[in-house]
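Peer 1: Mind having a look at this structure? Questions to follow.
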Amino acid sequence: MSDITTGSDMTTGIVVIGGMLCAILLRVPVGVALALSGIAGNWLLLGQEQALAQVQLASWEVGTNFLLVSLPLFVLMGQLAHEARIAEDLYDCVYKWFARLPGGLASTSIITSAGFGAITGSSVVTVSTMGNMLMPELKKYHYNSAIASGSIASAGVLAILIPPSIPLVFYGAWTETSIGDLFIAGIIPGLLLTLIFCAYITIRCQLDLSKGPPGLTSPLSVRLRSLYRLLPVALVFTVVVGGIYGGWVTTSEAGAIGVVGVLIVGILKRQLSWQALARSLSQSTQLSANIFLFFIGGVLFSRFLVLTGITPETISLLSDSSFPPWSIMLGLVLLYLLLGAILDTFGMIIITLPLVFPIVTGLGYDPVWFGIFLVLMIEMALITPPIGINVFVLRKVVPDIPIWTIYEGCLPYIGLCLVMVMILIAFPELALWLPSTMKN
């Protein structure tokens, strides 16, 4: 390819990327914008016949990608857990153990969300469920509105870090990184971030008890009995994550086991009617179809970027620069903070990975580590204005709380997530140690 042709292709790439961003700003669904941009770009560079052939090829590759088999299974597992009201058992147990602390109810929302997220893998489902269940209790004990709403909206971000995580499945399938390694890598950062969130709430409410007064103190015997109700859920989680960690099951098999396990728990609890099962199947099918559309659009757009030469030119430019790797990672932190203001979870992943992933791996960073880094950045985007999907989900649940009050409550957690990102950059072993023991 001549220099003139390369320059022309790069110009075409810049124009098409600009058009895609304009479409997204005009509220065209990101998956559709990606697919149309990829088709248009390939059409301009390759012609009509090859561009349409790329659509067929991308659809076939995504539909037959074995790594993506686990995705609809974990989505269905989350929907079934929501319908089975597993969150109520989690809340009952955590409340009895932690409500007596300053800000205990807010800490309860954090821990319950982390536990429920470990079953659902969905931030939106977690925030919606926790909002409906916990906001009445927080209001009953006269919690400050910002602290109450902020703890629920922000706790939802833990759902996509602690395994199983739908965004991590998406990332693993896209980058061909072991999804099992990604799941295990998220455990320590997820638990550490949960601890940081709870410590912040306890300290803040200890300084001003009017913002988060302690709840009732339960006798030790009652607290111990509450643990029995968690045994079925804990067993499902242990089998799913432990099976992956031990290498006894593949990620797809773990997803299938999780679906069957949650289904059995729901039937034993007598919470899963035929209508609830139908809702779970319908909603999980819709969400899975949307994610697959994202993936197809991303494949088309990624191939277009390769044809333009933008990706290799950017990698070469950064490789030849004198910037240290850590400074480039800080630049990515700023990039994702900006993108989080206009894009949703999967939009951030699919638009940036074709360009960013080769750069990061070229700098010597581990793909598993970068997956956890990316999810942490997405977590911040979920509660960062002006979008903050978790904020809007909670706003629908509690319309009497102004949206800016929810944003106010989320601001400290954005800072805490940023601190966690810096810790992860400084100590990558936090994410990589457990996967390394799994391999050994």
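The backbone N, Cα and C atoms fix where each Cβ goes, and this holds for glycine too.
What TrEMBL lists as domain 'TRAP C4-dicarboxylate transport system permease DctM subunit' is 18-430. Taken from TrEMBL, the feature transmembrane segment applies to 12-45, 97-120, 141-162, 182-203, 227-248, 254-270, 291-310, 330-356, 368-393, 413-434.
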Peer 1: For the transmembrane segment (330-356), could you work out the same-chain residues 6 or more beyond its ends whose Cβ comes under 8 Å from its Cβ atoms?
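Peer 2: Hits for the transmembrane segment (330-356): 24-25, 30-31, 34, 123, 160, 167, 170-171, 174-175, 291, 294-295, 297-298, 301-302, 305-306, 310-311, 314, 374, 377-378, 380-382, 384-387, 389, 418, 421, 425.
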Peer 1: Grab the same-chain neighbours of the transmembrane segment (227-248) for me: Cβ-Cβ under 8 Å, and only residues 6 or more beyond its ends, written as numbers and ranges.
Peer 2: 86, 89-90, 92-93, 115, 118-119, 163-164, 180, 183-184, 187, 254-255, 257-258, 261-262, 264-265, 268, 434, 438
Peer 1: Is the count of Cβ pairs under 8 Å between the transmembrane segment (141-162) and the transmembrane segment (368-393), pairs 6 or more apart in sequence, 3 or more?
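Peer 2: Answer yes: the transmembrane segment (141-162) meets the transmembrane segment (368-393) with 3 or more Cβ pairs below 8 Å.
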Peer 1: Does the transmembrane segment (291-310) make contact with the transmembrane segment (12-45) through 3 or more Cβ pairs under 8 Å, each pair 6 or more apart in sequence?
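Peer 2: Between the transmembrane segment (291-310) and the transmembrane segment (12-45), contact is present.
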Peer 1: So which residues does the transmembrane segment (413-434) touch in its own chain, when a touch means Cβ under 8 Å and the partner is 6 or more beyond its ends?
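Peer 2: Sequence-distant neighbours of the transmembrane segment (413-434): 150, 154, 157, 184-189, 192-193, 196-197, 200, 245, 326, 329-330, 333, 365-366, 368-369, 372-373, 376-377, 379-380, 383-384.
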Peer 1: List, by number or range, the same-chain residues at least 6 past the transmembrane segment (254-270) whose CB is under 8 A from its CB atoms?
Peer 2: 69-70, 73-74, 76-77, 80-81, 83-86, 119, 164, 232-233, 235-236, 239-241, 243-244, 276
